[in-house]
Amino acid sequence: MAPSTPLLTVRGSEGLYMVNGPPHFTESTVFPRESGKNCKVCIFSKDGTLFAWGNGEKVNIISVTNKGLLHSFDLLKAVCLEFSPKNTVLATWQPYTTSKDGTAGIPNLQLYDVKTGTCLKSFIQKKMQNWCPSWSEDETLCARNVNNEVHFFENNNFNTIANKLHLQKINDFVLSPGPQPYKVAVYVPGSKGAPSFVRLYQYPNFAGPHAALANKSFFKADKVTMLWNKKATAVLVIASTDVDKTGASYYGEQTLHYIATNGESAVVQLPKNGPIYDVVWNSSSTEFCAVYGFMPAKATIFNLKCDPVFDFGTGPRNAAYYSPHGHILVLAGFGNLRGQMEVWDVKNYKLISKPVASDSTYFAWCPDGEHILTATCAPRLRVNNGYKIWHYTGSILHKYDVPSNAELWQVSWQPFLDGIFPAKTITYQAVPSEVPNEEPKVATAYRPPALRNKPITNSKLHEEEPPQNMKPQSGNDKPLSKTALKNQRKHEAKKAAKQEARSDKSPDLAPTPAPQSTPRNTVSQSISGDPEIDKKIKNLKKKLKAIEQLKEQAATGKQLEKNQLEKIQKETALLQELEDLELGI
């Protein structure tokens, strides 16, 4: 039996309603439209069979499969809802308030039994940040951060704390996905000169100095983002500072760290300086993609050794999204960028399409792995609100624009469990569509009247880097570094220009056949025929190679000595001398 079509939930000033997914795009009868502007929150369960929403008066739960109302709770101010992984518990959160007489406020975090509708437990949760408890996928374990320590509950028994993880001041934690044994990553910020650190533990082994599976310390961290891979074998940590002391950025400084449950850890070396915009794991758990660097940003896929596998070059992007099956990757530039998307086949590293979703504030893959949702929502943008459904080949299949006096607040797909939709063969041909693709108008630069009839000279603010495969090629020669390759290209271009200039100056002379070029790393071969000149060329190349190594050390942050800096300053003169010798000047 073919899987049903995913639904689309739309919430805005026009009300709350559902739309059938591709290929129909008609309003669904599963959920009768609820008019008005009072709906503050709505959410599907993890498997998409339940739907809950709060309308300012009640929080309701319906069954999507039989269209029946299950429960209704009197929660006037609920603004956050979350289902547990197996639909056993519905968590609700309301803003915390205290009485005017100064007495403690009432509990504002409620956990309801979805089957019976009874309240299992109520807690006081003052902050909206990290308000929801974290469950394991089988719901045998649930965890909350309470007063800088993690409390663990077993089998949804919230009256008894089964275990505690207490360190100095736990700021954040992330429970691992997948089956047992469960693991937890905790972050403790640094204080009084001590570094910040992230530790990995296996539940319930928290006691003892060697209980941690892995530990990673770093000084430059005011906050962190921890990302488990799907198999719970490793965590990626984005460490951020609020202020960049080097003055290179207004938005602080970021570093990317890799921590494995076997104790291994590493700093992921990013070739381009600048902020880290996004990091995302592939569903295979064997590689991850990072988007980083000053604009135009770079995007690179790394393996579990933190070695680059494929570099997508530079472009206007700040986000990455893997498809549910992990075979397609979308690199996009949203927010203050124009909305250009690059859709890549990451098995063959081939570009599929480059659609543009202008002014988009939201992106989501459909659970079928074929369709994409982009939307422009308020309050991020209050004009041109609406949503589009694309095929990954770049075709717009459906488009909806809200009226000019209305707003769109939220659009979301109905989730499905993994394996419901099988992965399909990737196609590069755009699927047919009745909705025309709107080509964005390219703004032309102003040209004064005196220059309008003259040819346009194109000038670039930066050099764009093309995509390249970073896997080492077969052979014994060690690949050159990026800096060495760049200098090699510059040198070869200068050499060709000089040869061309010399041939222009002496047109009478008969052209002599150019000697066959030799690889840069085969310095032992005779170049000029003169042993003395060959010896000088060999020594110059040795010095230039040493300078390249010094520059690479400086790029990693190593402090160089004065004599080493003086060597680097001599690079231009050495290159010139080498050119003169090779050209026979």
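Cβ atoms here come from the backbone N, Cα and C positions, even for glycine.
Per Swiss-Prot, the stretch carrying the note coiled coil among 115-166, 531-582 is 531-582.
For the annotation phosphoserine, the record in Swiss-Prot points to Ser506 among the listed residues Ser176, Ser506. Sequence-distant neighbours of Thr5 (phosphothreonine) (same chain, 6+ apart, CB under 8 A from its CB) are Asn20, Gly21, Pro22, Pro23, His24. According to DSSP, Thr5 (phosphothreonine) is assigned to coil rather than to any helix or strand.
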